[in-house]
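In what follows, a structure is listed as structure tokens, so that the remarks can point back to it.
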């Protein structure tokens, strides 16, 4: 690793939130984190033990819960430490590892949401062929693809991060190690790093988003073609929760990085 001049970074967290306000923020995040862990764990267990939930939709939902558990585990514990200490040191290696896992799991979730939109497309637009097409073999293949592709392609980012030189400042104005702060911290290959992020983002984020949009265009066309209002509401209810998650996911990405 080429980080000869820096061994640690300082994560500032929320510099304006100190004292009693920091305690309140810590408590709120801890409660939300605990509840989210419990809910996602329950989803994992229920889908596993309940035969009536052994369907493609719930199988993908189970995988999404697993992704969420991993995502939270990568980010939140360290964020709580940063809030509690009102800023905390993290080694360069740990910071790079966290950035890699954050990106890899996030990209896995992105592709999983795309697979779930394809599942809803098949279920609504081609219900007669849904079960024969979305069999166990295809389900397993799609899930394995999401995990492998997300982690392998993001490996490009990890390899590049390990070659960067960090020579100051040593402060990350964030509560965890994200890719964006590295652009400001590195004193070498900054333009190349920015270009690499853009190139990797195309297969990992942009293309999946386009596929989700296309899937839901066909879904909405099919729903609008249903004659009864009750039928339209019932059909839309089968994909509304997934559509909400997709909107929140990409909305968060746009808010943070645009």
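Note that Cβ sites are derived from N, Cα and C of the backbone, with glycine treated the same way.
Copied over from TrEMBL, here are the features:
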TRANSMEM  20-47  transmembrane segment
DOMAIN    39-258  domain 'G-protein coupled receptors family 1 profile'
TRANSMEM  59-79  transmembrane segment
TRANSMEM  142-166  transmembrane segment
TRANSMEM  195-224  transmembrane segment
TRANSMEM  236-257  transmembrane segment
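Distant neighbours of the transmembrane segment (195-224): 107, 110-111, 113-114, 117-118, 120-121, 124-125, 150, 153-154, 156-157, 160, 179, 183, 232, 235-236, 239, 243, 246, 250, 253; these residues of the same chain sit at least 6 beyond its ends, with a Cβ under 8 Å from one of its Cβ atoms. For the transmembrane segment (142-166), the list of distant contacts is 1-6, 9, 59-60, 63, 92, 96, 99-100, 103-112, 115, 118, 179, 182, 185-189, 193, 196-197, 200, 203-204: same-chain residues at least six beyond its ends, Cβ to Cβ under 8 Å.
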